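What Swiss-Prot annotates here:
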- 3-23: transmembrane segment (TRANSMEM)
- 51-71: transmembrane segment (TRANSMEM)
- 79-99: transmembrane segment (TRANSMEM)
- 115-135: transmembrane segment (TRANSMEM)
- 138-158: transmembrane segment (TRANSMEM)
- 169-189: transmembrane segment (TRANSMEM)
- 195-215: transmembrane segment (TRANSMEM)
- 221-243: transmembrane segment (TRANSMEM)
- 304-324: transmembrane segment (TRANSMEM)
Amino acid sequence: MFISISAGIVTFLLTLVGIPAFIQFYRKAQITGQQMHEDVKQHQAKAGTPTMGGLIFLIAAVVVSFLVALFSKQLTNNVGMILFILVLYGLVGFLDDFLKVFRKINEGLNPKQKLALQLLGGVIFYLFYERGGDMLSIFGYQVHLGIFYIVFALFWLVGFSNAVNLTDGIDGLASISVVISLSAYGVIAYVQGQMDILLVILAMIGGLLGFFVFNHKPAKVFMGDVGSLALGGMLAAISMALHQEWTLLIIGIVYVFETTSVMMQVSYFKLTGGKRIFRMTPVHHHFELGGLSGKGNPWSEWKVDFFFWGVGLLASLLTLAILYLR
């Protein structure tokens, strides 16, 4: 446990030092920062803010986790595959960000390219991950999926990778939401005695807390797709490694809600010929524009943040209660 906590502290400090250096490099190189294409007026002031900051906490967490796991003899298959997902999905996000920032391609990777790379990572994860069978745990009941587990694994990894990406829309929202989710999985890993997984979890929590120092409103840096896609994939991989896949639907309720709001909005818009359910999606923008109802006073980013963090915290506590207070 001490080793895992130490890994988190080291990652926190590395990120705390690395982000200012990254921002300084960004400015000196006169790199065009984040482009704003949203209809939220208060976001226009963020144009030009350095992005791709997720690269710093991602490298710090992966390197520290690998080295500490190696020297403490905890470099298990679980650790290897979680780090693999972090690296591969991080690379997908990096390529997407690179095209947007350096090649001035607003779309970055097109949806088909991004999906293909994410699916490739998922297939490799499934082929090399020794999870001890193709059983899916649902509220304590084991369901044998056989070959269909790969379909679930791909859906889980790609779905939550993109869900966290959608959540990363206002200052600090995604970083602390993921800290809350990872903390819940840290408890589960500890109770199960899986200290190898706990090591990776605490290392990433340290990195995210260090990043948040510069990402809270007003953000000095954004994580970019390199950070958000990797974090979503990590959460999905951890839920599978712990054989508690179903828990991510509750622990990750914020990401589920964000994604569902987009799907509902698009479907309703097409069915009704232009009508909307929400003012704007992902749904955190709806609250920004008009509160819970969408017709009231606009919420500040801090208010939206605390609302979603509160929902995520309650959902995580509920999940732990379901698991351990039965």
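Just so you know, glycine gets a Cβ as well, placed from its N, Cα and C.
Computed from a predicted structure; not experimentally measured.
By the Cβ criterion (under 8 Å, sequence separation of 6 or more), the transmembrane segment (138-158) is not in contact with the transmembrane segment (3-23), since fewer than 3 such pairs are found.
Contact counts against the transmembrane segment (79-99), taken as Cβ pairs under 8 Å, peak for 221-243 among the stretches 3-23, 51-71, 195-215, 221-243, 304-324. Highlighted: of the candidate stretches 3-23, 51-71, 115-135, 169-189, 221-243, 3-23 has the greatest count of Cβ pairs under 8 Å to the transmembrane segment (195-215).
Only residues 6 or more beyond the boundaries of the transmembrane segment (169-189), in the same chain, are considered here, and those with a CB under 8 A from a CB of the stretch are 195, 197-198, 201-202, 204-205, 208-209, 211-212, 215-219, 223, 227-228, 231, 235, 238-239, 242, 244, 247-248, 251-252, 254-255, 282, 284-285, 288, 301, 304-305, 308-309, 312-313, 316-317, 319-320, 323. Long-range contacts of the transmembrane segment (221-243) within the same chain, counting only residues at least 6 positions beyond its ends with a Cβ under 8 Å from a Cβ of the stretch, are 19, 22-23, 26, 34, 49-55, 57-58, 78, 81-82, 85-94, 96-97, 108, 118, 121, 125, 129, 131, 135, 137, 153, 156-157, 159-165, 167-168, 174-175, 178, 181-182, 185, 188-189, 192, 194, 197, 200-201, 204, 211, 214-215, 251-252, 255.
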